[in-house]
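Below is one structure, written out as structure tokens; the observations come after it.
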């Protein structure tokens, strides 16, 4: 049965080599099979033609290559954003989003993939569709990789590739740091898809222990903080994990992060009407982030069914933006919406699928 076989996509090149040797295959096949799995992204042992038929049969008998079932697919008519709803082996579902944009010269298409790290999310941010849908479990290494590989295979058919990865999909990446770290080592392997860790961004709600592990393991990724308020009392209300990792602790670990990495930190700030867009909120935000080399990304709230929050008017959004930029001299951007004509907010497509909506 499949569940008695080894999921071969979960293994690093070193682990794969050890497995193949234990199965009686030659040691150098470790690199060859790794290339088939992670660079060529094959989904069949039969395609591994530089292995003998006998060795391929051994792999079929003892291991398997997992793949996703695509439940739903949406593409934006406005900006060509693509959204995928995948079904996992145990019936769980996750979302992955492909963001397509022109480069600075407005010529070549750049492809950024927004990747999920968990089935649901335990953080339960009040503004997030994923948080409303509950939490099931962490994604395995292969489930993280398969999001990337499934989309990369589609792009290759059009002569394109993935350029950047952002772990801003479903789940809190730093609560799945072990599997995420292992997946990153495979992704950045020169014998694999070989996406540099410097082109990978991890977005976190502020899991201080996870940021500490990034520093300890010297994982050279870009970091984005889902801040959304620089006032503890307010942040507690919308991001419950702030009670465990308050702003003072977050600030301390980010100071150390920037000291060690010399990298700019992105702060994401969802604009919620009548909650976090006053001048007091703007000043608190500016005071908090001015100690860092930073960019603040303002995100107008994408309304979620069942959530109590609402989106501010364009006038209020612009007032907040201009005050930060011109008065407080914050390095701030206003996010250009992607996929606004499809289920754009994280978790919305999954939520609709659960309800049986089309």
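Quick reminder: no glycine exception, Cβ is built from N, Cα and C everywhere.
For residue 95 (active site, proton acceptor), the count of additional Cβ atoms within 10 Å of its Cβ stands at 26 [all protein chains shown]. Residue 95 (active site, proton acceptor) falls within a strand when secondary structure is assigned with DSSP. Positions annotated as active site, proton acceptor by Swiss-Prot, on the basis of sequence analysis: 95.
Swiss-Prot lists 107-335 with the feature domain 'Radical SAM core', giving sequence analysis as the kind of evidence.
Among the features that Swiss-Prot reports, disulfide bond is placed at 114-346. DSSP assigns residue 114 (disulfide bond) to a strand segment in the three-state reduction.
According to Swiss-Prot, the [4Fe-4S] cluster binding site annotation covers 121, 125, 128. In the three-state DSSP scheme, residue 121 ([4Fe-4S] cluster binding site) falls into the coil class.
Taken from Swiss-Prot, the feature S-adenosyl-L-methionine binding site applies to 171, 172, 203, 226, 227, 228, 302. Counting only same-chain residues six or more apart in sequence, the Cβ atoms lying under 8 angstroms from the Cβ of residue 171 (S-adenosyl-L-methionine binding site) belong to 116, 117, 118, 119, 120, 121, 130, 138, 139. Residue 171 (S-adenosyl-L-methionine binding site) carries neither a helix nor a strand DSSP state and counts as coil.
The active site, S-methylcysteine intermediate annotation in Swiss-Prot covers 346.
Looking only at the recorded positions 95, 114, 228, the one with its C-alpha closest to residue 125 ([4Fe-4S] cluster binding site) is 228. Residue 128 ([4Fe-4S] cluster binding site) and residue 172 (S-adenosyl-L-methionine binding site) have their C-alpha atoms 12 Å apart, to the nearest angstrom. The Cβ neighbour count for residue 172 (S-adenosyl-L-methionine binding site), using a 10 Å radius over every protein chain in view, is 26. Calculated from their C-alpha atoms, the gap between residue 226 (S-adenosyl-L-methionine binding site) and residue 95 (active site, proton acceptor) amounts to 19 Å.
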